[in-house]
Every structure is written in C-alpha cells, then in structure tokens.
Amino acid sequence: MASVHESLYFNPMMTNGVVHANVFGIKDWVTPYKIAVLVLLNEMSRTGEGAVSLMERRRLNQLLLPLLQGPDITLSKLYKLIEESCPQLANSVQIRIKLMAEGELKDMEQFFDDLSDSFSGTEPEVHKTSVVGLFLRHMILAYSKLSFSQVFKLYTALQQYFQNGEKKTVEDADMELTSRDEGERKMEKEELDVSVREEEVSCSGPLSQKQAEFFLSQQASLLKNDETKALTPASLQKELNNLLKFNPDFAEAHYLSYLNNLRVQDVFSSTHSLLHYFDRLILTGAESKSNGEEGYGRSLRYAALNLAALHCRFGHYQQAELALQEAIRIAQESNDHVCLQHCLSWLYVLGQKRSDSYVLLEHSVKKAVHFGLPYLASLGIQSLVQQRAFAGKTANKLMDALKDSDLLHWKHSLSELIDISIAQKTAIWRLYGRSTMALQQAQMLLSMNSLEAVNAGVQQNNTESFAVALCHLAELHAEQGCFAAASEVLKHLKERFPPNSQHAQLWMLCDQKIQFDRAMNDGKYHLADSLVTGITALNSIEGVYRKAVVLQAQNQMSEAHKLLQKLLVHCQKLKNTEMVISVLLSVAELYWRSSSPTIALPMLLQALALSKEYRLQYLASETVLNLAFAQLILGIPEQALSLLHMAIEPILADGAILDKGRAMFLVAKCQVASAASYDQPKKAEALEAAIENLNEAKNYFAKVDCKERIRDVVYFQARLYHTLGKTQERNRCAMLFRQLHQELPSHGVPLINHL
C-alpha cells in the first residue's frame, strides 16, 4: 500500500485530464474548471465598478465561495450560474475562455503570467491572505510546478472541457426553442448554494483537499439535517470510493462512508468503514500530534464506544456490551471522564429494561452536569422523563423536568434537543390521553424555525423529531375523521422522508395503522387482514394485536383468544403497560361477545387498576366505558349510567370520533334499559333523550365512515320510533337499515353484545 501512496502523491500524474501537483506540498491542482473560475475572477477585477451594479456584484461575491470550495462542475452549468448573477460578465467569461481554448498554448501561458499582476501595486486588486488571494496563489504555484508535457495535457483537457460545454449549451438552446418553460429557467435557491448533485460529481475529477473537505462536510450536514438533499447512497459511496482511491488515509471519508452505510442498514460495510476511520485517525497522527500518546488511546476508546453504539443500533446487544466494556476499561486507564460519561449513557440504553436502570440514569445526569456536558445531561433528563412517564408519574412533575431541560437547550443553543423535547411532550400528552395538548405541541414544533443554518430557504431540519411530530399529527387527524388532512400530512411525510431514509419507518407504520383503522371501520376485514403483515414487519407487537382484532371481528373467537393470551404474557414481560391494557380490553370483549360477561369483569378491573396506577387517563375512561357496558349486559343499567357520567367527559373532550360515538350509543342503550321501569310519560321522555343521543352517535360514526355501527344505530332508532308511535321516522330509519344491511355482511352477533 505504501508504494501506491508514493506513486500517487510524489509523482505528479494525469488522470482524466486532471494534472496533480504534490499533494503533501500544495494539496491542490489545476483543472480546466479552475481555469474557468480564474477567468471569472480576472474578468471581475477588470470590470469597472460602474459596469456592474451593486446588486450584481453582491450576487457574484455570494457565488464565489461555493465555486472555490465545491467540486468541479460542467462549463454550461458554470455559465448558467454566472448568467443568473450577472449576464454581462457571463458573456465576457464565455468569450475569454473561447479565445483561450481555440487559440494556442501560449494564450494559457500568458493568462497565468498575468494573474500575478493582481497582487502588484500599492493597492492590489486582491489581498494575498484573502480567500480569493489564497486560491490565486495556490493555482499559480500549482501551475508553475508543472512540466511542459503536463502543461500540454492541461491545455488539451481545457479544449475538451470547452467543447463539451459548447455541445451542452447548443442542446439546451434547442430544448428551449421547442419547449420554453419559465419555471425551469428560474434558478432555485438551492442552486445558488451550488449544492452537490449527482451529475456534477460524475463530471468532476479527483477533488483537492479543500474540495474534499467541503464535499464531506456538506454531505455529512445533509445526512444529519435533510437526507433528501444528500446524494443517493450508491452515488455517495461511488464518490467516496473515488476519494479513497486517491487518498486511502483520508479518515473523514471513511467516517462518511460509515454514515452512508448506516442509511442502507449494511452492518458489515458500516463496521468496516468505522474501524478504518479510527485506524486512519491513528495512522495520520491527527490525534497523537496534538495530544502525544494520549491521542492514540483516545482514538482507541472512542472507537470501542462507537462500535458499541453501532452494534446497539442493529440490535446486537451482546456485542455492544463487550465493546462498551472495552471502552470503559481504556477510559478508566486514561482517566477520561467525558468518555466514561458517554459509556454510562450507553450502559443505560443497553440495560433500560432492568429495574435499577433509573438509578444508573440519575447518576449519569448528575455526573454530566458536574463535568459540564450539557448535551449528555439534557439527553439524560429526557430519558429519565420518558422512563418516569411509563412508570406513571404525574404530568406536572414530568413537564417541570422538561422545563429544566429546555433551559439547558436554550442556554447552549442545542436546537436538536429543543426539537426532541417538544416531540417528547407531544408523545407524553398522547400517552396520557390529552389529544388537544398533544396537537398543540406538535404544531408548535412544526411552526418553529431551526436555530442551525440548513440551506437557503429551508427553515427546518428533517430530523426524527419532525417525523415523530408529523406522525402524531396524522394520527390525531385520522382519529377525528379528518382523513383528507391526514393524507396530506402523510404525503408531506413521504416527500420529506423518502422510503429509503432512516426515519421512513415511522410514517410507514403510521400510514399502515390509519389504513387498518379505516378498513375496520368500513367492515372490510379482508383488507385489514392484508395490512397486518406490513404492520408486523414494522412493529411485531402492534401487528399481533391487530391480527387478533381482525380475528375477533371475523368471529374467530378461539384463535383471537389464543393470540391475545400469548401477547398478554409477552407484554407483561416487557412491561408494555399501554398494550397490556389494550389486550385486557380486547379479551374482555371476547368474553361478553361469547355471552360470558361475568368472566370479563376481572379483566376490566385489572385494566382499570393499571390505567389508574400509570395515570393513563384516556385508557382509564375507555375501561370504565367497557365496565358500564358489562353492567348493562348484567342487567343493572342504572349503575352503568352513573359509571358513564364518570368516563364520558374525557372521551368527549379528547377522545377519537369512534370512541365518542360508542360512548353516546352506550348512553342511549342505558337510557332505554333504565326506562323500562318508568311510568309512561317519563318513559317517553327518556326514549326521546335516547334518540337524541343516537343521532349524535350516528353523526360521529358517519365522520369515520363506520357503516356497521350506523346500521346498529338506525336499527335501534327504528325500534324506539316504533315504541313512540312515530311511523314516518320509523320507516325512514328502517329503509336506511335495510340498505346498509344489504350492503354489509351480518355476523349474527346480538346488538346488546356489541359495544
């Protein structure tokens, strides 16, 4: 490998028309594109202040930095960029390059000789230490180092570069004549940033060190903040391989390769790139030069720590624990408290299912504050809040803790953690069943602008927090029957987080769940069953639960019961309280649909106790709703009504539309059952009130297109109208019932046994 390095760096060579200078000395080389940029700079200095307006000069100055730092682009693209900033100068540059390319070699020689004049005089046009001055000096020095044969090859490459640009310009002109699209001629804001696109990368030769550093930092920033604007995984890997071919010891390129491989879940390649990164970091002496032998040890312990994080991401917990132990051992030997704090945080992640994990987390937060590590301290507080939320702590205490965390965020401008904090508040309010508060927090996050500079015109980062908030927003709209709005949110999610991005699984699961609920509401159980496979692939527990729900709806009670019992045991082991309560409610429904309401009562009481203990208000209200229904079946409607008064307020305030309809339908059933013992005037009044509640329930069910429940409601209304002697209203409801009954399948379940 060493011989390859020597042939690459110490013997200047020509590859694809690009002349390399001594990389260790100059770390830059002359290319046809850079000659074109030099022509632009020369023309700018020759053009008087009156010839170019102040606005045009400002646009040109903004354009220069990305042109100097970015990779080589085609000549036609360069013309277009200059023309958008200053059309007059673009014409001058085009003429100058044409004269040079169609002239003789001495024209290029003379051009480089004249460049030195920019620094002469008492008031030079360009300062030597400025960005432009350094670029000019690098190019002059790199050109002066070339042999005659290399100069000739460079001139040949310039001619080829010009000819390719001319061909492209002619093709674009022909296309404009055939179809003139005003929108395409306008430059987008991201084009002003000269962001690296695939066609630009493919046309460029080997990058200089500055170009490579700019390319890597730009792509790393895009992968973190807006993955959709980064190169595709295949294109990025191709460019990184090209970089590493010319400089195998470029450590940062190996790290970006590691991040790129994580995008496609390639565990082998990502591990390979990560290990190469730390190997090259040690070999190049980047750490040891500044820190002596300490730098070598630092690389080793952070290599082990990153390896542990990588294994944890892929679910290899045993390997992650071994790597973490190695990192802790090396950090303790070096007395590196910062590394030990990171290790402590990862220890919590690996052992968070243990009963004593909160002690570890509290210790981690205290130590992080002590050593002045606000990022780790804040992450620890948020993890602690999440753990306490699942443990059933009160919302006010959790919000106070998050407020303390937010103070750290704003004090240290940790914008990423501000987003995470708001997304966490959204999730906590939904966990507690307060959909209005969750909606408010989600909208707050989406209306916030990022504190970090992303791209021109982009105010937000495409991070996990935004994906979580948008998913909550879609689900909340779907719960309220606003399916068109939910579809718009999901459409935005798909555009913002494409299927191959790392956070795409969030919206995929959200989309599948919404489709499943709609299919169940519409009575299309075969369609719902087909969606279960997709849900299971994304979340196995959710998938098994949904499968049981479908089986139950299809009257396959024994299969549903077996599945729910297995799921109950599994969720109790995992301490997934929310799912345990949902499973208990489903099992209870199985029992009363099998005409065994007395067996359902212990299940419901257990679910109520859990929801009260963990302060899951909405699930508690739903459990009370089920208890009231059980009491109705057992023949005590008065007690059922009194129970309903306890549960109905949270459901009407924060519940899903379907649950609101179920609650009002149950109230009507209880009113009718209670009215049996009333005298005639009072009974008629109670039945009228029941009909009003049934109308409200029908409106709720209509919003979510739940035809089966609408059929049950109109059947019940027809019976009540018949009792009250209202023939016309009875006939209208009976006709509607008949239409729905012919359209929908009937499973023969008695109406009284269906909540």
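Using N, Cα and C of the backbone, Cβ positions are placed for all residues, glycine too.
Summarising the annotation, Swiss-Prot assigns phosphoserine to Ser195.
Here Swiss-Prot flags Thr232 as phosphothreonine. For Thr232 (phosphothreonine), the number of other Cβ atoms no farther than 10 Å from its own Cβ, over all displayed protein chains, is 14. Secondary structure from DSSP puts Thr232 (phosphothreonine) in coil.
Taken from Swiss-Prot, the feature repeat 'TPR 1' applies to 209-249.
Sequence annotations record features per position, and here Swiss-Prot assigns repeat 'TPR 2' to 250-300.
Distant neighbours of the repeat 'TPR 3' (301-337): 262, 265, 267, 270-271, 274-275, 278, 294, 343, 346-347, 349-350, 367, 371; these residues of the same chain sit at least 6 beyond its ends, with a Cβ under 8 Å from one of its Cβ atoms. Feature annotation from Swiss-Prot assigns repeat 'TPR 3' to 301-337.
Taken from Swiss-Prot, the feature repeat 'TPR 4' applies to 338-378. Mapped onto DSSP helix, strand and coil, the repeat 'TPR 4' (338-378) counts 32 helix, 0 strand, 9 coil.
For the repeat 'TPR 5' (379-418), DSSP puts the residue distribution at 34 helix, 0 strand, 6 coil. What Swiss-Prot lists as repeat 'TPR 5' is 379-418.
Marked as repeat 'TPR 6' by Swiss-Prot: 419-466. Restricting the average to the repeat 'TPR 6' (419-466) gives a pLDDT of 80.
According to Swiss-Prot, the feature repeat 'TPR 7' maps to 467-500.
Among residues of the same chain six or more beyond the repeat 'TPR 9' (541-580), those with a C-beta under 8 A of the stretch's C-beta atoms are 353, 390, 392, 431, 509, 513, 516, 520, 525, 528-529, 531-533, 535, 586-587, 589-590, 593-594, 607, 610, 614, 616, 619, 747-749. Residues or ranges marked as repeat 'TPR 9' by Swiss-Prot: 541-580.
Below 8 angstroms of C-beta separation, residues 390-395, 431-434, 545, 548-549, 552, 557, 560-561, 564-565, 567-568, 571, 626-627, 629-630, 633-634, 647, 650-651, 654-655, 749, 753-755 of the same chain, each at least six residues beyond the ends of the repeat 'TPR 10' (581-620), sit close to that stretch. Residues annotated as repeat 'TPR 10' in Swiss-Prot: 581-620.
Remark: secondary structure over the repeat 'TPR 11' (621-660) totals 35 helix, 0 strand, 5 coil, with classes taken from DSSP. What Swiss-Prot lists as repeat 'TPR 11' is 621-660.
The repeat 'TPR 12' annotation in Swiss-Prot covers 661-696. Residues of the same chain lying 6 or more positions beyond the ends of the repeat 'TPR 12' (661-696) and with a Cβ under 8 Å from any Cβ of it are 625, 628-629, 632, 637-638, 640-641, 644, 647-648, 651-652, 655, 704, 706, 709, 712-713, 716-717, 720-721, 723-724, 752, 755.
Positions annotated as repeat 'TPR 13' by Swiss-Prot: 697-736. Sequence-distant contacts of the repeat 'TPR 13' (697-736), counting only residues of its own chain at least 6 positions beyond either end whose CB sits under 8 Å from a CB of the stretch, comprise 480-481, 518, 521-523, 657-658, 660-662, 664-665, 668-669, 672, 684, 687-688, 690-691, 743-744, 751, 754.
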Q: Please give the sequence-distant neighbours of the repeat 'TPR 11' (621-660): residues at least 6 beyond its ends with Cβ less than 8 Å from one of its Cβ atoms.
A: 433-436, 479-481, 521, 581, 585, 588-589, 592, 597-598, 600-601, 604-605, 607-608, 611, 666-667, 669-671, 673-674, 700-701, 703-704, 706, 752-753, 755
Q) Among the recorded stretches 338-378, 379-418, 467-500, which has the greatest number of Cβ pairs closer than 8 Å to the repeat 'TPR 1' (209-249)? A) 467-500
(Q) Which sequence-distant residues neighbour the repeat 'TPR 4' (338-378)? Criterion: at least 6 residues beyond either end, Cβ under 8 Å. (A) 298, 301-302, 305, 308-309, 312, 317, 320-321, 324, 327-328, 331-332, 384, 387-388, 391, 405, 408-409, 411-412, 414, 417, 421, 574-575
Q: Mind checking which residues of the chain, 6+ beyond the ends of the repeat 'TPR 7' (467-500), have their Cβ under 8 Å from one of its Cβ atoms?
A: 227-228, 232-233, 263-264, 422-423, 426-427, 430, 435, 438-439, 441-443, 445-446, 506-511, 513-514, 517-518, 656-658, 703-705
Q | For the repeat 'TPR 12' (661-696), residues assigned helix / strand / coil by DSSP | A | 34 helix, 0 strand, 2 coil
